[in-house]
Amino acid sequence: METAADVGEEELLPPRSSLVSDDYEDVEEVEEQGGNLKEPLLEHHPINLRRHAPNNTSQLAIVGSNLCPIESLDYELIENDLFNQDWRSRGRAAILRYVFLKWTFCLFIGIVAGAVGFFNNLAVENIAGYKFFTVSDLMLANKYWTAFWVFAGTNLALLLFATVITAFVSTAAGGSGIPEVKAYLNGVDAPDIFSLRTLVVKIVGMIAAVSSSLHVGKAGPMVHIGACIGAIVGQGGSRKYGMTCRWLRYFKNDRDRRDLVTCGAAAGVAAAFRAPVGGVLFALESLSSWWRSALIWRAFFTTAVVAVTLRALIDICERGKCGLFGKGGLIMYDVTSDTITYHIADLPPVILLGVIGGILGSLYNFLMLKVLRVCSLVNEKGRAYRLLLAATVSIFISCCLFGLPWLAPCRPCLKEDCPSMGQPGSFKNFQCPPNHYNDLASLFFNTNDDTIRKLYSSETNDDFQKSSIMLSFVASYVLGILSYGVAAPFGLFVPIILTGASYGRLIGMLMGVNSNLDHGLFAVLGSASFLGGTMRMTVSVCVIILELTNNLLLLPLVMLVLLISKTVADSFNPNIYDLILKLKGLPYLEDHAEPYMRQLTVSDVVAGPLRTFNGVEKVGNIIHILKTTGHHAFPVIDEPPFSSSPVLYGLILRAHLLSLLKKKCFLPTCTLSSFDASKQFVADDFAKRGSGKHDRIEDIEVTAEEMEMYIDLHPFTNTSPYTVVETMSLAKALTLFRQVGLRHLLIVPKSSCYQTKLISKQQQLSEGRNSGYLHPHSIKKIHI
């Protein structure tokens with residue numbers, strides 16, 4: 001037989017750290033059932049192959065939660081009779097409406113993300129501000145124990161609240177959310193990651209957690225929040241709540257939702273740092289797997305809207321309408337007043353900062369991974385253990401933040417500056433006599449944003465002692481790692497900036513008069529080096545730092561530090577988000593192939609036996625296959641009498657088969673249907689539901705009489721699936737999956753000349769989808 005096809009679907013094996021049900025059949029068992037994996041599987045009758053079908057479904061677990069199925073996303077353009085007719089039926093007005101809605105959605109995402117970012121910051125500044133204000137007043141009155149219990153009790157209550165709503169309402173809201181967004185944009189759809197309740201828990205929980213004095217930040221959650229906003233906008237309305245519109249049906253597909261999620265993630269970064277260009281570059285460099293120029297324009301427009309929204313809301317606060325601490329503002333460390341002059345002699349300490357950042361950053365990632373593994377074991381035991389872990393971490397951190405400043409000596413200061421309790425970032429008296437301040441308490445008894453602002457400030461070389469900066473660095477480094485083990489919504493970006501600023505300023509103090517650079521500039525470069533050592537981003541981090549500091553003169557030094565720190569850290573381990581992504585068991589297809597993959601062909605790793613459908617298939621057979629397999633696509637084979645010889649007609653998705661079964665458009669006999677599919681169905685009937693929502697075969701009721709009827713699959717089959725020969729190397733297939741964005745790939749024998757011609761045409765296409773995960777030393781076969 002000259003025409004045959006194998007399927008390589010999305011479920012490529014995940015890393016060994018993932019929780020996977022390893023129930024693949026051995027090659028020997030497949031051969032015993034009548035075939036060799038390297039031979040055309042269609043030589044066996046499709047019905048017979050389906051009789052031997054095992055249930056090879058696999059599950060991946062998110063660490064700290066129950067096992068849950070993780071599906072792939074369909075980015076490929078479906079070309080069948082129904083969808084082609086739907087596009088042909090759209091007039092110029094419909095196309096213009098579609099384009100208009102895309103830009104309108106970006107406008108809406110930008111406004112909402114900007115407003116949410118502003119509200120988050122305002123809430124954190126006021127909650128934390130009033131907490132520190134109350135504790136400082138008690139300290140001035142010499143009520144030290146009362147001050148401690150108020151400080152520790154408030155922190156404990158805030159963190160427990162964040163942990164409770166995360167554990168009982170939406171576990172998907174825990175952490176920064178950046179690994180989940182990155183996995184989604186790579187083609188993986190995990191349940192509940194972009195739901196409305198996840199969005200609400202993320203916002204409320206993040207405010208409480210960041211206000212609880214943990215060494216955490218709100219930049220990471222803002223990325224997830226922006227992505228949630230984009231995904232919800234792309235839902236195309238809600239039938240449950242009667243919020244539907246015919247115009248919105250165009251966006252009920254994974255490709256458009258992917259674009260909106262990307263724009264939302266970029267908007268989240270822009271809202272967190274007031275860095276619109278940095279937000280676009282962050283999404284491009286760190287999150288998205290597929291970019292095109294049109295998407296860059298829309299993402300840039302979205303972040304520009306965020307910047308305008310923030311500016312308008314900040315103007316309101318500057319008029320004193322945002323509370324006592326409303327002027328704390330978003331993260332902004334303006335150093336434009338500095339005249340930055342540096343010479344060749346200043347480069348050695350800058351290079352040293354890059355090396356230190358790479359070493360400390362890789363060590364940070366290593367220790368973070370170890371702590372997360374231990375904490376995940378605790379979190380998996382149940383909600384009570386999550387709360388107990390959160391309480392333990394909160395009490396320990398409160399004791400450290402309250403106890404360590406007692407080790408620092410008091411220092412004199414001017415009366416007008418010491419202390420000024422009503423302004424964030426001012427000197428803290430703590431236990432010191434009048435007209436004195438505690439420099440370590442000034443770093444600990446502030447929000448992380450205000451502490452960073454203090455470390456970045458210029459002309460403050462004498463405000464801090466070396467011992468205090470050293471203690472601040474060690475505390476930030478250790479407490480940042482411990483804080484991230486709690487199952488609550490918060491991020492890593494700001495704590496990493498703070499830790500880097502601490503040792504950067506320390507290096508500047510050690511250099512003394514031997515460097516022309518201000519200590520505050522050393523702190524900025526320290527932050528850059530630690531970001532490069534942990535997150536391994538260069539372009540986006542460089543632009544974000546420049547937008548944060550509002551000083552372009554820092555560009556050469558920041559670029560040098562980032563390049564050095566990233567190069568040093570890459571020799572030890574991957575970036576922090578990739579480590580967390582793998583720990584959570586989220587499949588991710590890397591952008592490069594491992595060397596051993598060039599020694600394997602796709603026929604070496606494909607798993608069988610093959611499941612196929614006839615062009616006109618019995619309803620009972622379809623239901624049986626859908627119930628006994630977890631595959632999401634099936635080849636459709638035309639056999640006599642519908643063709644002179646067996647021919648690969650195309651590929652049909654599981655979701656489309658479920659839609660056909662729900663509509664019950666059955667035929668009494670095994671004949672080609674005479675009706676026009678476009679009159680019986682509309683494209684909206686096959687539209688993708690929201691993220692994490694899928695139809696199930698168990699929910700479809702079919703009578704015994706209907707089980708004996710037939711369905712003509714021809715109008716609903718994708719007639720141009722991506723197809724390759726069996727001799728293609730595994731490395732080349734991985735590149736195809738990654739760059740084109742495939743979810744399914746058909747493999748055919750090299751002897752089929754017809755299929756060989758078809759391959760060269762299919763490889764020119766540029767849209768598709770992926771769900772596979774290729775990992776060194778873990779791939780043996782592809783689950784079809």
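Just so it is clear, glycine is given a Cβ too, placed from its N, Cα and C backbone atoms.
TrEMBL has this to say about the protein:
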| type | residues | note |
| --- | --- | --- |
| DOMAIN | 609-662 | domain 'CBS' |
| TRANSMEM | 98-124 | transmembrane segment |
| TRANSMEM | 144-173 | transmembrane segment |
| TRANSMEM | 194-216 | transmembrane segment |
| TRANSMEM | 222-239 | transmembrane segment |
| TRANSMEM | 260-283 | transmembrane segment |
| TRANSMEM | 295-313 | transmembrane segment |
| TRANSMEM | 325-345 | transmembrane segment |
| TRANSMEM | 351-372 | transmembrane segment |
| TRANSMEM | 384-407 | transmembrane segment |
| TRANSMEM | 474-499 | transmembrane segment |
| TRANSMEM | 552-569 | transmembrane segment |
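Most Cβ pairs under 8 Å to the transmembrane segment (474-499), among the stretches 144-173, 194-216, 260-283, belong to 194-216. Restricting the average to the domain 'CBS' (609-662) gives a pLDDT of 84.
For the transmembrane segment (260-283), the partner stretch with the most Cβ pairs below 8 Å, chosen from 144-173, 295-313, 351-372, is 295-313. As a quick check, the transmembrane segment (351-372) and the transmembrane segment (552-569) clear the bar of 3 or more Cβ pairs under 8 A, pairs 6 or more apart, so the two touch. Counted as Cβ pairs under 8 Å, contacts with the transmembrane segment (295-313) are highest for 98-124 among 98-124, 144-173, 194-216, 384-407. Most Cβ pairs under 8 Å to the transmembrane segment (144-173), among the stretches 98-124, 194-216, 384-407, 552-569, belong to 194-216.
For the domain 'CBS' (609-662), DSSP puts the residue distribution at 19 helix, 18 strand, 17 coil. Tertiary neighbourhood of the transmembrane segment (98-124): same-chain residues 90, 203, 206-207, 210-211, 218, 222, 225-226, 229-230, 233-234, 247-248, 250-251, 256, 259-260, 263-264, 267-268, 270-272, 298-299, 301-310, 313-314, 317, 322-323, 326, 328-331, 447, selected by CB-CB distance under 8 Å and a gap of 6+ residues from either end.
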